[in-house]
């Protein structure tokens, strides 16, 4: 029987996640899964860089696997338009 953490992660499948990584980039895409080291797979993802000289529209990167060791913050938007942290799930 799956653990409670796995059950909660299953509930995030196909939801949009916002993943911030150590170098300041932000990836927004549909959560497709994770592996044992918690690398995050996003589909239909866009990459954004924050800063005065960066493109505010970002760029489409498609499918991306983000190593967990680079992740600073993960947020999911639930149906009531509030953000929840992935750390609440694992």
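Including glycine, each Cβ sits where the backbone N, Cα and C put it.
The domain 'Sm' annotation in TrEMBL covers 9-66.
With DSSP states grouped into helix (H, G, I), strand (E, B) and coil, the domain 'Sm' (9-66) comes out at 4 helix, 32 strand, 22 coil. Confidence in the domain 'Sm' (9-66), given as mean pLDDT, stands at 91.
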